[in-house]
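*Asks:* Found this in Swiss-Prot, in case it helps:
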BINDING   9-31  NADP(+) binding site
BINDING   Ser208  substrate binding site
ACT_SITE  Tyr222  active site, proton acceptor
Amino acid sequence: MRFSDSVVLIFGGTTGIGLMTTIDFIIHNTSHIILASRSKWKWKRAIEKIQNIFGDLVNLSNEFNISVLNSTVEYIPCDIRIENDVKQTIQKTIDKYHYINVYFNNAGIQPTTGHTDGDITEIEIPSEKLFDGTIVYKISQNNSNNDNLNNDNSNNDNSSVCSTPASSYCENPIATFIMGMTFCLKHEVKFALEQKSNIPVSIINMSSRNGVNIPSSDRPIYSACKAFIHSMTQTIATQSAKLGIEKNRSIRVNCIAPGPILTPLEIPIFLPDKKNVFEPLSNLELQQFQEIGSHGVPMKRTGTTNEISPTVLFLADYNQSSYITGSTITIDGGYTASPLIG
């Protein structure tokens, strides 16, 4: 069986592409799948989605663990913006299962409100220099009364001026995509070099079409941060290959760059009036999403999550992609290949 001995850690695996990838790993008999994310309520929702697909084959072991077919799926609360969260999540997983051979760095945000992206003259990143010379950058946590930001019905997630309709956390692309990705790659490579089991390790990063060669002028910070992920994939792949040779380890680092995909994170971009992005779209909303989202896409449509997840599994599978590292695969209906198509 394809992934029968695999331990897969997905940062951001409870919704959208991450959840679809989780489902695909279950279908392919992955032994252990660990989902690390900030919102426990999204984990509960993910369980419901998995139950809708697999029905009575899903067994709830406890509130943080389910078993499905030949797989166990476990939830670990983790905020990748906090380095110790990342380190402890990986450490807990290795302590329990002894190794991790697939990492999917999929935690994502779509800043649509506040001052974390958009007009460069309006962006706010509070900073100050302390008496000892330390420079501190702050992520604000001001409360917001915007109903679009309160879809979780949870008292644990604090709404803020930089939240999004998909999350009531403060959504700063620099904190998640630059700091968070750096923390993930640092500890993934470190643990991959140190873990006892000498098995191939695949690290897959999530970038975007806007991070490859067509940045969004409406979201310069988001685009630049996604370009950072593309660049880091190449440099860390090179480092990991060299370090792996020294320690007799196979560590591959690759990246995917999707185009417009129907997910809770993408809906606010094309349907800004949609109040709850976790509810199914009406036929009219789906038509509007397709029309707006497919602008510039030669295939004249948006994509779906099940058109992304097979590429993640391909890169995760050493038998199929053992000579691929440092690559970014665009999955965008031809958008980046034909940027002038309207």
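Cβ coordinates come from backbone N, Cα and C, glycine included.
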*Asks:* Cα of Thr15 (NADP(+) binding site) to Cα of Tyr222 (active site, proton acceptor): how many Å, rounded?
*Replies:* 20
*Asks:* For Thr15 (NADP(+) binding site), what is the secondary structure state per DSSP, taken as helix, strand or coil?
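*Replies:* In the DSSP reduction, Thr15 (NADP(+) binding site) maps to coil.
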*Asks:* Write out the long-range same-chain contacts of Asp24 (NADP(+) binding site), meaning residues 6 or more apart in sequence whose Cβ is under 8 Å from its Cβ.
*Replies:* Asn306, Ser309, Pro310, Val312, Leu313
*Asks:* Counting only other Cβ atoms and using a 10 Å cut-off, which of the binding-site residues Leu9, Ile27 scores lowest?
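*Replies:* Looking at the binding-site residues Leu9, Ile27, the Cβ with the fewest others within 10 Å is that of Ile27.
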*Asks:* When you measure from the Cβ of Thr21 (NADP(+) binding site), which residues in the chain that are at least 6 apart have a Cβ under 8 Å away?
*Replies:* Ile10, Gly13, Phe104, Asn106, Thr305, Ile308, Ser309, Val312, Leu313
*Asks:* Might you list, by sequence position, any residue in that chain lying six or more from Gly18 (NADP(+) binding site) with a Cβ less than 8 Å away from its Cβ?
*Replies:* Ile10, Gly12, Leu35, Ser37, Phe104, Asn106
*Asks:* How long is the line from the C-alpha of Tyr222 (active site, proton acceptor) to the C-alpha of the residue listed as 'substrate binding site', rounded to the nearest angstrom?
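*Replies:* The residue listed as 'substrate binding site' has its Cα 9 Å from the Cα of Tyr222 (active site, proton acceptor).
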*Asks:* Counting every protein chain present, what is the number of Cβ atoms, excluding its own, within 10 Å of the Cβ of Tyr222 (active site, proton acceptor)?
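*Replies:* Step by step: centre on the Cβ of Tyr222 (active site, proton acceptor), count other Cβ atoms within 10 Å, giving 26.
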*Asks:* So which binding-site residues are near the residue listed as 'substrate binding site', with CA atoms within 10 Å, out of Leu9, Ile27, Thr30?
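*Replies:* Those close enough: none at all.
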